[in-house]
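Everything on this sheet refers to the single structure shown next.
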Amino acid sequence: MSSDAPDSFEPGAGIAAEVKNARIEDEMEQSYIDYAMSVIAGRALPDVRDGLKPVHRRILYAMHQAGVTSNSSHRKSSSIVGETMGDYHPHGDSAIYDTLARMAQDFSMRYPLVDGQGNFGSVDGDPPAAMRYTEARMSPIAEELLDDIDKDTVDFQSNYDDRKQEPTVLPSSFPNLLVNGSSGIAVGMSTNIPPHNLGEVVDATVELIENPDATVADLMEHIKGPDFPTGANIVGRNAVHKAYKTGRGRVRVRADYDVFEEEGRIVINELPYQENKARLIERIADDVNEGKIEGIRDIRDESDRDGIRVVIELKRGAMAEVVKNQLLDNHLESTFGVINLALVDGQPQVLTLKETLEHYLDHRRDVVRRRSEYELAEAEDRAHILDGRLKALDNIDDVVETIRNSESRDDAKAALRGEVEVEVDGEPLPTFDFSEEQANHIVSMQLGSLTSMEAAEIEAEYEDVQATIERLETILGDQSELDAVIESELLDIKDEYADDRRTSFVANTGEVTRADLIPEEDVVVVVSEDDYIKRMPVSRFRAQHRGGKGIIGTDLKEGDNVSSVFVTNTHDDLLCFTNHGQVYQLKAYQVPEMSRTARGKSAVNLLDFDDGEEITAVVNCDDLEDIEGYLTMVTRNGYIKRTGTDRFQNILSTGIIATKLDEGDELVDVEVTDGESDLVIGTERGMSIRFDEDEVRAMGRSARGVRGIKLEGDDVVAGVAAIDEAHHSWILTVTENGYGKRTDLDAYRTQSRNGKGLIDIKANERNGPVCAINTVGEGDHLVVMSDEGQILRTPVEDISTVGRNTMGVIVMDLDEGDAVASVDVIPAAMTTEAEELDDADSVEEDAETDAKADADDE
């Protein structure tokens, strides 16, 4: 060890002038936020104004500065990459070259911004040739993005080493964000904007200029939908309208193909956007070899520089339509997930179609205003010079005499400015009051400019400049005139570059699917502890007064008990959360419909469960894409977290993680919340706590969450309820021994999370532990199911309203040894207003009739 080493470490010694102590959690959080915002604003998301990310903008500006324009010769890509990296973008050369190459690909960009020469990749996924072999220059339409950039139209900032200035945004003569689209993944967010037809986008922008109150539907009269560079077909228009109206949507894109029934051949002419042709052919061949697709004997790729042509030869006797449908199910259709996310004033925002165009127009108005101010200043300067020249020509003899008799050039200028007096033979010459700029110009005039013809030209130019000044002042003083300039320039761009649509629309008729054959109806779904699952129509369970035994709802094998029951619609999407913290997705109609006396089907045939995994909570909705807000989850040991619903849009068949769990903990309940709800957590021992949802910050799927309630002893969480005061009036609690109560929401005061809470219901020997806690409103019905498979349906109004810390009333009459297993609410919208309550005897009689009907059905 060196003898120079210090004996002890002193804070700050040899490190910094000041050492600041900080909690590592705070430092990590702030550093991560800084990193995230750097990625969001500096790399991954496009600016709404010019539709470019920084790397695209820097490449184009570097080419502009180097003179690599559309009318210049091509330059080596390595040279362009080097200049971009050296002057503006200090990152890896491969990232810059990949971006440059993509801007040159006509199958990636609807209107390529780079004119490439050489191998820049292919639709088969072939990579571009090395940058030393390829050459590039700006395309003509790319120059429109930089037009007037030298007229103070946009702000500039210092480059990374303060040597040069770079634009923060390009002037952008057309709405490039919509025209060429964009995609990127940032921290916690992503963007995926499809390309569009330039002519349609210009027409929509002009419509918005002329009619600022235009709706999305009005704009869609011009913009029919995405226009992909690879063509293909968009299936239906509803998804497109939703994407334009909300900024998010899923658009189905189908390959364009021809079916030749007599020849036994299917020919694919166009592929969905971003589909890899080589991989598509490989996947089809694999499915044919594995027997998943029948009737195909050969696949040939006959594509050339004129377009795509994939020929699928059918076996003798194979039905072309059947094979086509198999291909559509697996290969010839893809989904383009629209996320119209862009930077607005440096902040990421999801934008509607109208908002996107409005932000572009705001930018363009600013550009045209600044350009007009710049040109006005130049015109006024020129008019000032011309005015001086005209005055000089009117007094040419005196001006020449003054200059000739001045001792120096500076004296001549001073004399023209009227600052000194010039004498000839003792007599003073006339004085002038030219400005410094005029004097400088007059002194520099050549004798040839003193001709009468030159004077006429100066006067004509002066009149033209005055007209220009008047025009520019009109533009700057009248918003409608400024908008007229924008409109005219947009239409010029359209005339120069617009082309026909490549992507067509096909009706969303398609083939008859299983879903088309299943009627929409409200159903009760029952899940057992051994993961047997089935569904039954809600109509099979007639409402009765509380205190009844209900009717048989399912058959159970020995040792099995009911785990959960919930009410949904056959066409709903189901998110099935398990005790292991996983979530799975399926359609409600995928759950087999069976009689009340049937056992059900093993859920492992529907969901890929691990050993010991069982469903503990289900969230259902009309369409998974329509869920907005958060999924709020609670665990058995009192942890709670909420995660944005957008994190659950693409759930694998094997499930995905919904929440991280500590060893020995389990996920017990999940609620959909809107970000402004109050939450009530209930425990098995009858405690409850109400707090604002904002106290639980949004987290990712793999986070554990925070403490929601402080549990005492061996108490555990029974469930969570979200309060929507517009629809909910009471908290309804049910215990395992069949007792329950309704309590007004006001009885549960709001506290801070992680408290012990208040007594909700007495969980004594008579009542037993709490089984479920729900929020209910007028007209709602309750579905209560016991361990042994009995189901009771009763209106919530039939259950007494009492305070907290009370015993409650009998809800379900249980047989000895039986217990309440699960409770769910039938919303008032699902109940029939004219429905009459049955007493227990009539329910038993109906049960016998239903059982006979079920037996006949089976």
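Positions of Cβ are set from backbone N, Cα and C atoms, glycine also.
According to Swiss-Prot, the feature domain 'Topo IIA-type catalytic' maps to 45-517, an assignment based on sequence analysis.
The number of other Cβ atoms within 10 Å of the Cβ belonging to Tyr133 (active site, O-(5'-phospho-DNA)-tyrosine intermediate), over all protein chains shown, comes to 13. If you look up Swiss-Prot, you'll see Tyr133 marked as active site, O-(5'-phospho-DNA)-tyrosine intermediate.
The motif 'GyrA-box' annotation in Swiss-Prot covers 544-550 and rests on sequence analysis.
The compositional bias 'Acidic residues' annotation in Swiss-Prot covers 833-848.
What Swiss-Prot records for 849-858 is compositional bias 'Basic and acidic residues'.
Helix first, then strand, then coil: DSSP counts for the motif 'GyrA-box' (544-550) stand at 0 helix, 1 strand, 6 coil. DSSP classifies Tyr133 (active site, O-(5'-phospho-DNA)-tyrosine intermediate) as coil under the three-state reduction. For the motif 'GyrA-box' (544-550), the mean pLDDT of the prediction comes to 86.
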